[in-house]
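> Sharing a structure, written as structure tokens. Questions coming.
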Amino acid sequence: MASKLVKGTLILSIATLLTRMIGALFWVPFQNIAGDEIVGLYKVSFPLYATLLVIASAGVPLTVSKFVSERLSKGDHLNARRVLKAASIILSITGLVLALSLYLGADFVANVMLHNPTTKASLQVLALAIVFVPLMAVLRGYFQGHQNMMPTGISQVVEQILRVVTVIVLTYYMVEAGFSSEQISAGATAGAFTGAIGGLLVVLWYNLRDKREWRKKVQQQPPTDPEPLWPLIKKILAFSIPISLGSLVYPMIQFLDSATVPRLLQWMGHNLSMANTLYGIYGRGEPFVNLIQSFSVAISLSLVPAISAYVAKKEMAAVSRTISQAWLMTLIVSLPASLMVTVLAKPLNIMMYKDDKGWFPLAILAFAAIFSTVATASTGILQGLGYNKIPVQNLIIGGIVKVIGNFIYIPLIGIAGSALSMVICYLVVCILNMWAVLEKTQTRVKYTQIFIKPTICGVIMSIFLYFAYIGMEHLVDPTGNLRLTYTWMSIVLGLFGGIVFFITLLLTKTLGENEVRLLPMGNRLLHIFRRLHLIRA
């Protein structure tokens with residue numbers, strides 16, 4: 001059972017990381033083909049869809065997983081399947097109601113809530129996906145209750161690949177055919193629909209296989225009365241609604257951002273088309289931040305079971321050690337990566353997006369990744385300790401800070417103000433989450449080792465990187481292929497920055513034996529560092 005759980009967690013972790021990386025990287029070809037205005041339209045349309053999906057299904061996979069697991073532990077295969085039926089009824093109804101509401105209310109949402117009439121067609125296309133995603137979520141939860149993570153993992157990857165392929169192919173075709181920006185954005189959002197269909201077909205196939213096995217197991221179990229559907233539906237709703245409410249916070253922050261940023265840009269004097277374009281330029285930073293954040297997601301996924309196990313055994317020293325190690329490992333990845341993006345914002349923009357528009361918002365936004373990764377790791381710690389509400393409350397506070405920040409900073413410095421308010425938002429969430437961790441665990445953290453030393457290493461790396469960049473900038477031929485030139489420059493400078501940061505980590509003895517073992521070829525590196533006296537015990 002334990003090995004099955006570990007294997008399942010590993011499968012789900014890999015699938016989650018893979019889907020996040022695909023989702024982050026797809027923005028580059030999408031922007032290159034579509035341009036900033038269409039990217040902006042796409043980004044304005046999506047957050048409401050994400051919010052409605054959370055309302056429709058967020059808490060259900062976990063609820064179904066829990067209820068199915070409880071019944072299977074008693075050998076009750078009949079009612080494990082009954083849970084699936086009850087949850088399917090709930091989400092079929094909520095999915096249809098929300099899909100119809102968005103489709104029929106798209107005009108109201110576009111004109112009144114978003115103040116962006118060009119998003120109407122995109123919202124109507126997205127409404128179609130809401131019918132299918134909740135059913136997919138139910139089936140994923142059912143298999144997770146069996147501790148079979150393969151259907152969930154494969155369906156996640158298939159859904160993401162189909163979504164990205166649809167977006168890229170349709171966008172390319174529609175741009176070449178001369179469709180309007182509004183129509184191209186709507187075509188791109190069709191990826192949510194095809195992805196949902198693909199992901200659903202995967203879990204339906206697994207479901208057909210499971211049903212044959214289920215019939216055999218039901219015949220073998222002692223006679224059991226089927227649970228009444230209505231009481232079971234009420235139990236599922238009672239358990240899943242609080243989870244859904246907690247999951248609503250992040251998409252709601254994105255929705256409020258999409259509703260306020262373009263409107264504030266219009267108040268500054270930009271027309272609707274330019275406001276969408278500027279919002280698309282702001283979105284150029286998303287792949288960088290998401291890629292850096294994917295590391296903290298991996299840490300967070302591993303922290304929850306690890307800390308839960310230590311708490312169950314009352315091994316608080318191990319909890320404290322794990323917390324310190326998680327924060328340090330998060331920082332020594334996110335800090336140099338974020339600082340590199342800040343220093344190299346201009347060449348990275350040209351490398352990925354052909355021009356340097358939006359390099360300043362990107363340079364600011366990169367700092368958000370430092371705080372968001374530590375905040376995410378701290379969320380995993382709090383969840384492992386059993387404090388699920390605290391991260392949600394802190395994220396709500398961060399969301400309020402983000403919206404207020406938009407109104408303060410966008411009128412002052414334009415679209416870069418949205419990036420600055422995002423940094424402040426995650427800084428607040430990071431501090432609140434870390435404070436909660438320290439308060440609940442009474443952990444004594446070695447601040448110098450975990451925070452000050454990595455920061456010093458990051459500053460040293462940034463100084464070396466900046467002067468190396470200035471030196472290479474003088475070698476650029478303005479009449480040559482700038483994109484190719486800045487691509488090579490970014491790669492070389494990125495490697496240079498990484499080497500400098502790693503050397504400073506060793507010279508300051510920030511890395512210990514436990515941290516080095518986590519690196520690729522960790523044991524071999526540890527042997528070398530010991531001989532050079534570059535490692536602390």
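Glycine is no exception: its Cβ is also placed from the backbone N, Cα and C atoms.
When I checked TrEMBL for this same protein, it listed these features:
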type     : residues : note
TRANSMEM : 9-28     : transmembrane segment
TRANSMEM : 48-68    : transmembrane segment
TRANSMEM : 89-109   : transmembrane segment
TRANSMEM : 121-142  : transmembrane segment
TRANSMEM : 154-175  : transmembrane segment
TRANSMEM : 236-256  : transmembrane segment
TRANSMEM : 291-312  : transmembrane segment
TRANSMEM : 324-346  : transmembrane segment
TRANSMEM : 358-382  : transmembrane segment
TRANSMEM : 394-413  : transmembrane segment
TRANSMEM : 450-472  : transmembrane segment
TRANSMEM : 484-507  : transmembrane segment
> If you count every Cβ pair below 8 Å, which range out of 9-28, 89-109, 154-175, 394-413 shares the most with the transmembrane segment (236-256)?
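That would be 394-413.
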> At a Cβ cut-off of 8 Å, and with pairs 6 or more apart in sequence only, do we get at least 3 pairs between the transmembrane segment (450-472) and the transmembrane segment (394-413), yes or no?
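Touching, no - the transmembrane segment (450-472) and the transmembrane segment (394-413) miss the threshold of 3 or more Cβ pairs under 8 Å.
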> For the transmembrane segment (89-109), I need the partner stretch with the highest count of C-beta pairs below 8 angstroms, choosing only from 9-28, 121-142, 154-175, 394-413.
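Out of the listed stretches, 121-142 contacts the transmembrane segment (89-109) most.
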> Can at least 3 Cβ pairs under 8 A be found between the transmembrane segment (154-175) and the transmembrane segment (484-507), with each pair 6 or more apart in sequence?
no
> Would you kindly list the residues that approach the transmembrane segment (394-413) from elsewhere in its chain, counting only those six or more residues past its ends and only Cβ-Cβ distances under 8 Å?
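Here the qualifying positions are 249-250, 252-253, 256-257, 260-261, 264-265, 267-268, 375, 420-422, 424-426, 428-429, 432-433, 436.
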> State, in range form, which of 121-142, 358-382, 484-507 has the highest count of Cβ pairs under 8 Å to the transmembrane segment (324-346).
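The stretch I would name here is 358-382.
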> Short question: which residues 6 or more past the ends of the transmembrane segment (121-142) have a Cβ under 8 Å from it?
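Result: 41-42, 45-46, 48-49, 52-53, 56-57, 60-65, 68, 83-84, 87-88, 91-92, 94-96, 98-100, 102-103, 106, 109-110, 151-152, 155, 159, 182-183, 185-190, 192-193, 195-197, 199-200, 203-204, 206-207.
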